[in-house]
Amino acid sequence: MSVPSAPHQRAESKNRVPRPGQKNRKLPKLRLHWPGATYGGALLLLLISYGLELGSVHCYEKMYSQTEKQRYDGWYNNLAHPDWGSVDSHLVRKAPPSYSDGVYAMAGANRPSTRRLSRLFMRGKDGLGSKFNRTALLAFFGQLVANEIVMASESGCPIEMHRIEIEKCDEMYDRECRGDKYIPFHRAAYDRDTGQSPNAPREQINQMTAWIDGSFIYSTSEAWLNAMRSFHNGTLLTEKDGKLPVRNTMRVPLFNNPVPSVMKMLSPERLFLLGDPRTNQNPAILSFAILFLRWHNTLAQRIKRVHPDWSDEDIYQRARHTVIASLQNVIVYEYLPAFLGTSLPPYEGYKQDIHPGIGHIFQAAAFRFGHTMIPPGIYRRDGQCNFKETPMGYPAVRLCSTWWDSSGFFADTSVEEVLMGLASQISEREDPVLCSDVRDKLFGPMEFTRRDLGALNIMRGRDNGLPDYNTARESYGLKRHKTWTDINPPLFETQPELLDMLKEAYDNKLDDVDVYVGGMLESYGQPGEFFTAVIKEQFQRLRDADRFWFENERNGIFTPEEIAELRKITLWDIIVNSTDVKEEEIQKDVFMWRTGDPCPQPMQLNATELEPCTYLEGYDYFSGSELMFIYVCVFLGFVPILCAGAGYCVVKLQNSKRRRLKIRQEALRAPQHKGSVDKMLAREWLHANHKRLVTVKFGPEAAIYTVDRKGEKLRTFSLKHIDVVSVEESATNHIKKKPYILLRVPSDHDLVLELESYGARRKFVKKLEDFLLLHKKEMTLMEVNRDIMLARAETRERRQKRLEYFFREAYALTFGLRPGERRRRSDASSDGEVMTVMRTSLSKAEFAAALGMKPNDMFVRKMFNIVDKDQDGRISFQEFLETVVLFSRGKTDDKLRIIFDMCDNDRNGVIDKGELSEMMRSLVEIARTTSLGDDQVTELIDGMFQDVGLEHKNHLTYQDFKLMMKEYKGDFVAIGLDCKGAKQNFLDTSTNVARMTSFNIEPMQDKPRHWLLAKWDAYITFLEENRQNIFYLFLFYVVTIVLFVERFIHYSFMAEHTDLRHIMGVGIAITRGSAASLSFCYSLLLLTMSRNLITKLKEFPIQQYIPLDSHIQFHKIAACTALFFSVLHTVGHIVNFYHVSTQSHENLRCLTREVHFASDYKPDITFWLFQTVTGTTGVMLFIIMCIIFVFAHPTIRKKAYNFFWNMHTLYIGLYLLSLIHGLARLTGPPRFWMFFLGPGIVYTLDKIVSLRTKYMALDVIDTDLLPSDVIKIKFYRPPNLKYLSGQWVRLSCTAFRPHEMHSFTLTSAPHENFLSCHIKAQGPWTWKLRNYFDPCNYNPEDQPKIRIEGPFGGGNQDWYKFEVAVMVGGGIGVTPYASILNDLVFGTSTNRYSGVACKKVYFLWICPSHKHFEWFIDVLRDVEKKDVTNVLEIHIFITQFFHKFDLRTTMLYICENHFQRLSKTSIFTGLKAVNHFGRPDMSSFLKFVQKKHSYVSKIGVFSCGPRPLTKSVMSACDEVNKTRKLPYFIHHFENFG
């Protein structure tokens, strides 16, 4: 009867090669005679070779064709329970688990150290032979048996390392008596689904099959086996002579533990390729592995000779079945009786309900009894009883010298010599004592190369949660011991001290004794009652539960006759038939040595007579990585520094380009001078501690210039009005000191230069003399002592200090000292300082500088002439003091007299119209505008005469002038002379509070509020104004922190048992948490830059709930947050990689399942950083991140925008590398894609929308070069392009750098059928654009095109939604309003259904002067014409003056007021707009608007310009809103420049 196959096996059966037909074949009459063959062995091989063709050939064919192939991994042995006995199945428990916590913590928490127990009960003398003359071959064959059925001591993942305490001054491990040593112990692999609760305590797994199925020979993996097979004649691979297996050149994952005596990982290719990964551990177990490989090949060769037509697979399978059967027979019926001294009950057949699993007590305690028989060395001999010595002359090979180095052992030794030596060698005594080679010198990891097997055995029982010794006995049906002597009465009778030590060690707790200790102590001569019961029970279950057991006739593998013959096979038959050992050279019962057996051992081996074992303590896995780790840290630290240096160089490069451009532009504008310019390098001496390198330029005009290294002028030394130049040179008595030269001219501070040498000074003097002669000037040269010259030199700094003191004294004498202010001179030096001040006088240039004007301005000349009463060309201290007193305390008539005298050029006592016209022109010149023509000046003067009834006169007397200025009498009260020289104003500060404004604001009598309520109002107002920003910022950081905390908690507490957590500590929690947060932040950045989406959302009501205008600020906040977490992630991983680099190969095996390391390869820091996907991309990401963030610095963005933008395009690489970064799964599955997917799709779609116009080449309709280097470009508007006024585009020109795009605001209105931009030439690109379209250079045939990307939403585009709006533009920030104001007047004046809600709009233009914005004045002029509904009110603030009530400003105001009355337009701009001088008081203005438009609930305030401007407007809105009155001001802003 055939046994039904399992589903997997049926699939295999279909592919089985059918047995070749044998119907007509007759048996050859052969007699097989092999050396040493016995009746059983000969008959066995006869049966195998001929296929049992003793009867019917057909019978055999039928049987073999239906024979089921046994799987290698142990599955489907039991068809009802396919996983029983399979690889990675649980160890089984017969006794209840006894974990300390009931779940997984090691048992015996209160028991003594296992090393101490080992020293107490397992230490003894070597060299005591077996009581029953068991051979060493039996002792090592026991290891084969163990390897065949169990592998449950190997550490699993995660690594769990425990420390076995070592007593101080331990003779082996703590010879220095340090007391801090420990033996590392790794817990065994277990099922990850167990150990979670008391209902499912931890269960260790068996990584071998539990069956005796030849897995020691054939492995548990078919892939592994295929590497061993030759696929020729059914044999396994061997070397050419067929005696040894091949080396592991294919790098099958054999165990390649470090050799203790070498302290390094050797190549796995030196090992023999065999079925069990542990076979290279020692020479004895390796010999058995080679023996059975030969046994398989011997059978295969015999089968092939008899059946030459059989396939390789048929031969292999038949040989495998026979090898497994012979192994089963040897283990159960030969080894076990010899080991236990008793046999198993007779076989009763297959019992499918019996579980074959390896028991915990069997694996962790009972079957480890065989360790006591292991000798300290291995004898080798030949067939003539010649025992072979080692090369050093020792009688045997020391076991502890061959751990994991057995492959080289067979270079001068044969398997036969080892097997015959083991058969003659008597094992160690069967007692609790272990020989020193396994008790003190067992192999270990490189950091602890020698371990204690006895201690490890006890720890393994605790690891498996074994109960105490008595409970374990009871679970196997044995009686509990009630007294200590019950354990082993004969032993304790002969060794009573052992009993005392046992009681003391376990605190006299008999029910707390470890299973292994109790079992070993009860054994003597052979396993004790308990261990015998455990071992017999285990092997009986293995035999009876095995469906493929060779005695099971129902499996169809062997016939009863074959089974009977197989039962006769012994290990002696296998050795004699597989090796060159002859039958008389080895005893028949190889497990026992009896008198008369061949070749008795010379003596019982003792460790003292063998080669000493080396003991190398400690190993640093980080060795070799120290320098590289330092280099990596330094490199990563220098990356941002290098990026910053590159950014600095880029800024300097762009500044240099701008300077060269500026110089070229100035050269084109300036008149051409004839003559050459001579130069010389020198150092300008400023004071004792400061010098600067300068280039002195002579000419070409009559002036000497000092220029810095950037080419910028530092000082001009004018010689126009000077005839004689005084030159002093330092005396030549200081040879070692560098020479100095001093240039002194009247009305200017001195120029002191340090030259490199006296020769250089002579050269300088010669050049200066020639230059002065060329311009017809004289030079006086005198030699002065160097120190005296430097002490007397009046440098700029000294002159400045003197002038400050000059102005301060004038202020103090006029107004007195302020409260708390002290005079800054001492009494001792007061007289000298007073004299110094009295002697100081101001030149016209210094006076002009104090007024903030140029010396050639007419106003300066006139004012200087008024103050300089003695007309000596300088203003003395007394003259200046009188003027200050007059302006600060003088009467209005006195001030008017000064103005009258300024206008009276010819000093005839009257002002004619010509003189008044000249003054008007000087005032207009101050305002830096050219909008006032001759006719307008004449018209203005006639109007002023007419206003006071003097139209019949052509001149004004002083009385007439007073009459004309009568209405401005109040303004003249506060007239002062504002000077920059002093650090205080020369006006009473109370007068400065007033503002000249057209806004009539009545003072509001607010009730005084308690300061606490005022603070509360301010706080509430702040929250109300920024509620959306605060909410989304709060939401953003809550999500970011939650993501960090979630991952941190997961890796800190939920995954604390994993290897990542064990190795990296809290570092992995920090890095994984920061990875989650930075993934979120970087992904969110894409949404903030989805400009088309943001622009579109502004058209929907949702924009009321999302602060879309703040997307740039939020982009920066999210980026800075991402930067923080990126740096944290990087630093964390640097620490993590350090920890990883300090780990052993075994620990790294569990670190990740994604990376496999060769057993002889130790990855260092360079591997993790530069040879893994995660490390390499991480370094690249760090570099890209540094580049992007450094080049995003505001300074670089402003000075080198092109570099900023080009570096910012690296974000594509940032996101690609971030996606790749986690694919290696070193620390976990990649998660970046989860955050990136949504924003990435949105951003990609947004970019696709931008492509709609980006690659559309638009025709240039018209270009216009405007003053102040502005160009207006009008170009084609694409069809279906919709935009709002105030929006902006990114623009490029196909004529040059077509891929370089720059952002510009659209100045065309949405209703116009074209697009336009006003671009001021500032940088290289804008200058190229202007020069390209310059009519002098432009070729109309070139027909360049414009490409745009956008339009995108600006902060000002929602202006039309407010009934009342205030618009504030400053500097270049007026550009959006060119479009907005046009759109406003179009919407309110021509189309009542335009959707513009504005009923009143205030536009405030703040600029230093109108000079650079003539084009915008034209725009405003056009807007004023179109504004028929007067919805727009324009105010212009000119900020170039210091003070509202400065003398100049007052006169300008008077003229402006007259001109406004006369022509209804401004004298400066020609606009109806009101002009103001100075900066606006935004708070007062907003209060005025609030009061005037109290009927609305909210007013929109829109500001655009430099950051200080928008911040001041924001502050004003905050201040007004704090009053908690309606209307409420909502501020929208956009920063330019």
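Backbone N, Cα and C atoms are what each Cβ position is placed from, and that goes for glycine too.
According to Swiss-Prot, I164 and A1224 sit on the same side of the membrane. Between the alpha carbons (Cα) of E915 (Ca(2+) 2 binding site) and R874 (Ca(2+) 1 binding site) lies a span of roughly 25 Å. Between the alpha carbons (Cα) of D904 (Ca(2+) 2 binding site) and D872 (Ca(2+) 1 binding site) lies a span of roughly 20 Å. In this structure the C-alpha atoms belonging to D870 (Ca(2+) 1 binding site) and N908 (Ca(2+) 2 binding site) are separated by 18 Å. Among the listed binding-site residues, namely D872, D904, the Cβ with the most fellow Cβ atoms inside 10 Å is that of D904. D868 (Ca(2+) 1 binding site) and N908 (Ca(2+) 2 binding site) are 18 Å apart (CA-CA, integer value). Between the CA atoms of D872 (Ca(2+) 1 binding site) and D906 (Ca(2+) 2 binding site) there is a gap of 18 Å, rounded to the nearest whole number.
The Ca(2+) 1 site is set by D868, D870, D872, R874, E879; from the centre of their CB atoms, other residues of the chain with a CB within 8 Å are S841, V867, K869, Q871, G873, I875, S876. For the recorded Ca(2+) 2 site, residues D904, D906, N908, E915 set the reference point as the centre of their Cβ atoms, and the other residues of that chain within 8 Å of it by Cβ are C903, N905, R907, G909, V910, I911, D912.
On the backbone, the CA of D906 (Ca(2+) 2 binding site) and the CA of R874 (Ca(2+) 1 binding site) stand 21 Å apart. Helix, strand and coil counts from DSSP across the domain 'Ferric oxidoreductase' (1078-1218) read 110 helix, 0 strand, 31 coil. Each residue in the domain 'Ferric oxidoreductase' (1078-1218) has a pLDDT score, and their mean in this model is 87.
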